[in-house]
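Asker: Got a structure for you, written out below as structure tokens; questions coming shortly.
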């Protein structure tokens, strides 16, 4: 088998990747695109788009659509998605065109990763089943930055995966497109920068594994160089995109400061809720009734989310107290309380993260959203109609059957992602490093909410959910029938032979 020699290293030894993966790599690269699988993916895109169009819009969606239409970026949302909504809205008023584009990112990634299926018919059936679960059927129809971020990030890794397939020999094109998509993802979600890091890691690992007549040191240097260049390229794309938005904006305010203020106030409230023995001299100097302020916070605080609708009166008292502090003073108070009360801060952060990953009552964590709801004045000015259509209500009713089950539980996806990573490491092929990095980035992204989480909404971990679904379909599509007798003694056919 001469093709195994392509994995031979300069010292005459054989790369372990080639021993276990060369045959699978060659088969995958030579496998034709399945018209059946590709056709089903296109059909699913059209069907799910038709079901949800022009899209499910919440308060955030309405605000961002208005920002895009007016080119005025004043909310806490990063402006890229608002700008994209504005561009789509200028062509076809509303969100239908944007929704078609966002869905195309997800289904395009699926097409790149599973269209060369080893088993087209079973892959088709499993793909249909996966796409008719709420995380795909409903969420792909919601106009949220969480969904756009996940779709951009997954497509970035899917494009990178083509280096060993359709774009073999044109890997720099794939690298550039991947970095641009990762940059856009990072601009859509505040903590999306983690995707750039793992894309750079994947590129570096792919370059390290490329066959070259060099020693390990040179290969390591090549790997680090490519990874570093990938980060620089992605950051350059971020800067260019931000500059284009700034130039075309009528008005724009920093989202970083606003986001930090929200997080700071929530953390301060959490520390006060978990700790009783401390002073707030600055607020006392400003004439704030400290006892009343602290009592209001403790009545209003919940680890479920920042805004507790059950205690509007105490919430207003807390907000009034914070209003006596400037942004800089709030940040200083936040930092000081974290340093002086680390145990209370840790208890608060763990409680918030626990609600996100292990929700006690999933119905409190906005498992799905359907219909068009938000500021009524903006809805009217945008030419939209508030309410829920019968088809939207049917989607919600269908989704309720999954509430409380594993498919709507973030921890389930985290465990499955870890198991998939273990399986991909056990079955080493060149393409797997991309999927491993995608899953690691999704886990890291979800983990970032241990520090920045402000609510338990399921959408915050949608990248982990969608990436796990795509990775599972990729593994199923790319795996031939496995003869377990090769790996487990209990299944060996010659077990009882003399």
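In case you wondered, yes, glycine gets a Cβ from its N, Cα and C as well.
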Asker: Taking 63-82, 223-242, 243-262 as the choices, which stretch does TrEMBL tie to transmembrane segment?
Answerer: 223-242
Asker: Under TrEMBL, which of the candidate ranges 33-53, 264-284 is annotated transmembrane segment?
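Answerer: In TrEMBL, the transmembrane segment feature sits at 33-53.
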Asker: Is the number of Cβ-Cβ pairs under 8 Å between the transmembrane segment (33-53) and the transmembrane segment (223-242) three or more, considering only pairs separated by 6 or more positions?
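Answerer: Answer no: the transmembrane segment (33-53) and the transmembrane segment (223-242) share fewer than 3 Cβ pairs below 8 Å.
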Asker: Does the transmembrane segment (433-454) make contact with the transmembrane segment (179-203) through 3 or more Cβ pairs under 8 Å, each pair 6 or more apart in sequence?
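Answerer: Between the transmembrane segment (433-454) and the transmembrane segment (179-203), contact is present.
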Asker: Please work out which recorded stretch in 95-114, 121-142, 148-167, 223-242, 460-477 has the most C-beta pairs separated by under 8 angstroms from the transmembrane segment (407-426)?
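Answerer: Selected stretch: 460-477, with the most Cβ pairs under 8 Å.
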Asker: Which one, 95-114, 148-167, 460-477, has the most C-beta pairs under 8 Å toward the transmembrane segment (121-142)?
Answerer: 460-477
